[in-house]
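The structure appears below as structure tokens.
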């Protein structure tokens with residue numbers, strides 16, 4: 001674990017750093033007692049809670065903002081929401097690369113937060129200031145100019161860039177506060193990921209209840225303004241804990257190290273790897289040559305890349321080793337670890353596409369149902385049913401952490417009860433039932449519409465609360481799959497690539513959104529041939545949204561089968577001296 005008393009004191013403690021960038025606690029053990037662990041985590045959890053409140057408060061209702069204020073059709077609004085949401089999960093690759101290579105996680109979060117706040121401010125102005133705000137005859141009859149639409153999307157994509165520096169770093173930064181070499185601290189790390197996700201959903205709970213109602217009933221200026229203020233609070237919370245944080249030094253460009261292994265392997269493709277793997281090149285020092293990284297034991301699979309660590313005669317003649325010709329075993333194992341993660345990563349894409357429906361077609365489905373609260377005149381914003389997803393997560397996180405883990409531990413003997421792979425697999429199973437629930441509801445809804453000729457009703461007489469099961473199920477699936485992913489991609493990543501690995505896990509959300517957008521495009525193109533209205537017309541009462549849900553359910557079943565095959569053969573990384 002790499003630690004200081006805070007980012008602002010790093011220079012003073014430079015002498016305490018070992019060659020890999022970690023603090024030598026034997027020389028200054030007081031540093032360890034003053035920083036990190038749960039003392040630092042409340043500030044990080046507070047930051048995440050406020051940032052997610054801002055993000056979900058702005059994004060949960062976005063598909064309806066596109067539809068009613070930017071005058072877009074249902075399919076177009078859905079596609080634009082998916083594309084933007086997907087971009088929010090691609091930009092973390094940029095933030096992660098900068099964090100791991102140059103700035104470290106602390107300064108990356110700080111710098112990108114400024115971009116985030118600027119984007120939120122511009123979005124608020126686009127919904128508030130005359131000239132930037134679309135002109136509306138009624139609440140749902142607006143006529144935006146091209147410039148007004150452009151300003152809105154400029155703001156949204158600035159937010160997407162800003163979130164790219166926060167998403168991949170905050171969870172890893174929180175986990176950095178626990179020392180892998182300390183058995184007591186290591187046990188708390190798994191719990192941190194559970195409570196980290198819990199804090200996300202506390203923010204989401206307020207966003208999907210209060211802020212969605214404000215947007216629908218008070219105005220979008222307040223609906224976007226409040227998240228902007230909340231984001232400012234997130235930044236304040238983060239800086240408040242500065243002196244308590246443990247900070248890991250950036251280890252240099254991980255992409256460069258990966259390319260060096262690939263190039264060295266290809267250049268020596270005809271070289272034979274020795275049977276005695278102790279002959280492979282590694283530094284003689286106790287620490288790895290890579291800043292912020294422990295040494296990694298050699299693993300047998302992906303043996304082609306071992307060629308990069310074979311010292312040949314031309315290498316031995318050089319006084320200094322050329323990293324493009326000869327790499328350490330640890331550097332080779334870094335690449336192997338990332339390659340092993342990719343198949344698991346790929347299986348998360350379908351799950352992310354299912355999850356994306358909560359802020360997309362679940363909302364459009366709910367818009368066509370009876371949104372009244374009982375027999376009152378109060379109407380529930382369709383997007384606010386996301387609160388049941390949040391409540392589900394808030395319900396399941398402590399159940400999992402305090403009941404399921406201890407219970408499972410008795411049978412499996414594993415310190416976390418279930419392995420990360422087992423946990424993710426259970427979530428994939430639950431996601432199948434989510435799509436089945438949504439599809440059955442839509443099938444029943446359309447039958448009622450047909451039977452009573454409710455086609456042109458804005459809201460057909462079927463309570464929106466029938467959507468609760470599908471929201472509750474997706475929340476349960478999140479607790480297993482998304483939290484499992486957070487922990488898995490952190491633990492299995494090389495030490496100096498943890499931000500990049502976290503960003504990699506987030507890209508499954510991006511590709512899930514893009515997949516959803518692609519499926520909508522394909523389905524719309526095929527189903528509207530010969531003048532047909534298709535599966536997803538502007539008035540869903542004339543469509544077959546249930547077919548789309550069935551399609552995702554089938555894809556989820558196939559994805560689960562692939563996942564089980566991959567998980568069976570996965571090889572865990574083996575850091576030298578790590579507590580297992």
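Using N, Cα and C of the backbone, Cβ positions are placed for all residues, glycine too.
Over in TrEMBL, the protein carries these features:
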| type | residues | note |
| --- | --- | --- |
| COMPBIAS | 9-23 | compositional bias 'Basic and acidic residues' |
| REGION | 1-24 | region 'Disordered' |
| TRANSMEM | 106-125 | transmembrane segment |
| TRANSMEM | 195-214 | transmembrane segment |
| TRANSMEM | 220-239 | transmembrane segment |
| TRANSMEM | 341-363 | transmembrane segment |
| TRANSMEM | 383-405 | transmembrane segment |
| TRANSMEM | 426-448 | transmembrane segment |
| TRANSMEM | 468-490 | transmembrane segment |
| TRANSMEM | 511-527 | transmembrane segment |
| TRANSMEM | 547-566 | transmembrane segment |
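Under the criterion of 3 or more C-beta pairs below 8 Å, with sequence separation of 6 or more, the transmembrane segment (511-527) and the transmembrane segment (341-363) qualify as touching. Among the listed stretches 106-125, 195-214, 220-239, 341-363, the one sharing the most Cβ pairs under 8 Å with the transmembrane segment (383-405) is 195-214. Of the Cβ pairs linking the transmembrane segment (547-566) with the transmembrane segment (341-363) and spaced 6 or more residues apart, 3 or more are under 8 Å, so the two regions touch. When Cβ-Cβ distances under 8 Å to the transmembrane segment (426-448) are tallied for each of 106-125, 195-214, 220-239, 341-363, the top count falls to 341-363. Contact between the transmembrane segment (106-125) and the transmembrane segment (220-239) is supported: at least 3 Cβ pairs lie under 8 Å, counting only residues 6 or more apart in sequence. Listed by sequence, the residues of this chain that lie at least six past the ends of the transmembrane segment (195-214) yet keep a Cβ under 8 A from its Cβ atoms are 41, 44-46, 48-57, 60-61, 170-171, 174, 222-223, 226-227, 381, 383-387, 389-391, 393-394, 397-398, 401, 475, 478-479, 482-483, 486. Sequence-distant contacts of the transmembrane segment (341-363), counting only residues of its own chain at least 6 positions beyond either end whose CB sits under 8 Å from a CB of the stretch, comprise 59-64, 78, 81-82, 85, 382-383, 385-386, 389, 421, 424, 427-428, 431, 434-435, 438, 467, 470-471, 474, 477-478, 481-482, 485, 488-489, 492-493, 501, 504-505, 507-513, 515-516, 519, 536, 545, 548-549, 552, 555-556, 559, 562-563, 566-567, 570.
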